[in-house]
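Asker: According to TrEMBL, the protein has these features:
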type	residues	note
ACT_SITE	195	active site, proton acceptor
ACT_SITE	280	active site, schiff-base intermediate with substrate
DOMAIN	4-77	domain 'Copper amine oxidase N3-terminal'
DOMAIN	125-525	domain 'Copper amine oxidase catalytic'
MOD_RES	280	2',4',5'-topaquinone
């Protein structure tokens, strides 16, 4: 359709970029894909510059020469071929929206700096070198010991997480990342990306020193084997660092009776990787706190995906450019957490608060609403599968049969921070392929034949899924068994003007905590060397009484930083 392309898009067709969609069809056996076309401008994300043209390609045949164009979509209308599109244009039967080819210096989504660099901001560095140690794929830090790795499909995974020599978690691994879109264009409305099939770990590229991670972090290469007979390396694609949160882990200022101050800085070990899945960048963080808690967090950034704005487009998002609709979408992330709390045999216990109306014991003439603690041990898998939008007890713990000094079961609590909504209606023919999304939390018996909640094959045939997570939940007993927690987190993203050029990480992060709950006899951070305590009777400015007073002398020198290098483009 040369005359149409020249008029609508100032293009001859060779300078357009395409974005694939998935799944590829509407039923098992289909091999058809909508491709969305964009203006391609070097040095910026083309995802914000749709031209309004989308094509449906059937690619079922093993011979590329027999692939066929099945439909063409433009500005709200469907055509059987590009020839029909051209004929309608020539006959003046087509409403054409002229989209000028964007210029490199004014294109929507340009990320080049608009101003020269200013003064340097704060710098993260260790004045006496790292306090953690990395040997092979194991990192140790202030009582923590963690083996880290990267699955080329499902992404980052940790094994044998120990604190003070005791295993807390056998496996903590990302399982899947779903991005499900809405639009009044065919490509957008049919997109349900299951990123594990593309390769969450495979597309975790080299990290930029000083921005993606602190400049002085430890950077580690990751290797994978995919679509090749030889291994490939993503150099410096995982980073490890100690993070000063600029927040007390705990503190108290005593202004009555005795006068003193006591506290402890919140310093955390962080293991991080960042995956670029087409337009989106996911920042995967695993954090280890001095209190014995593990924090897992994911942030979404990168470019939004978009459709050509036409008709009632704003029913599916917001206008963010002259012809660009930022399309609404869900982010749902699934994790496997194989906890071994004081051994493999655990039970699931819940606690929440209720009120009881009682007479005041000291007057008996009045009543008072007294909070009390409801405790329950869940016996079977069906009880421990919590639907996405259903109420869930605020305390959920993997409990050991052994107790701490005070007679309570040694436990770890699962605390989820998520804003996920409905992943797909239950009536959808592809819902079973992402049935893990039904649950904010599900606890099942650990089985060797249930290693993952999904499969890389679920993307291209979600209608007959290779793995359906819902089948894992079959009401088996979960008392004093080897258990696995499957956790879903996510949020709804309705793109808006401030998502251009990129979505920011602020407010776009979700995750969960694994927190000790009566696992210890007291907060284990009391044994950390960073504690600070001084009283009114001491000289707080003396280095011997207060380690903070030593900082002006211990950190007087400017750190020696390695030269900046980046080779992330070499292997593409």
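Just so you know, the numbers here start at 1 and follow the chain as drawn.
Note: Cβ is positioned from N, Cα and C throughout, glycine not excepted.
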Asker: How far is it from the residue listed as 'active site, schiff-base intermediate with substrate' to the residue listed as 'active site, proton acceptor', counting Cα to Cα, in Å?
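Answerer: With the alpha carbons as reference points, the distance is 10 Å.
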Asker: Pull the DSSP breakdown for the domain 'Copper amine oxidase N3-terminal' (4-77) and write it out as helix, strand, coil residue counts.
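Answerer: Here the numbers are 12 helix, 30 strand, 32 coil.
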Asker: Which ones in the same chain are close to the residue listed as 'active site, proton acceptor', with CB under 8 Å and 6+ residues apart in sequence?
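Answerer: Non-local contacts for the residue listed as 'active site, proton acceptor': 176, 177, 178, 179, 275, 277, 282.
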Asker: By a simple count, how many Cβ atoms lie within 10 Å of the Cβ of the residue listed as 'active site, schiff-base intermediate with substrate', its own Cβ left out?
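Answerer: So the Cβ neighbour count for the residue listed as 'active site, schiff-base intermediate with substrate' comes to 23.
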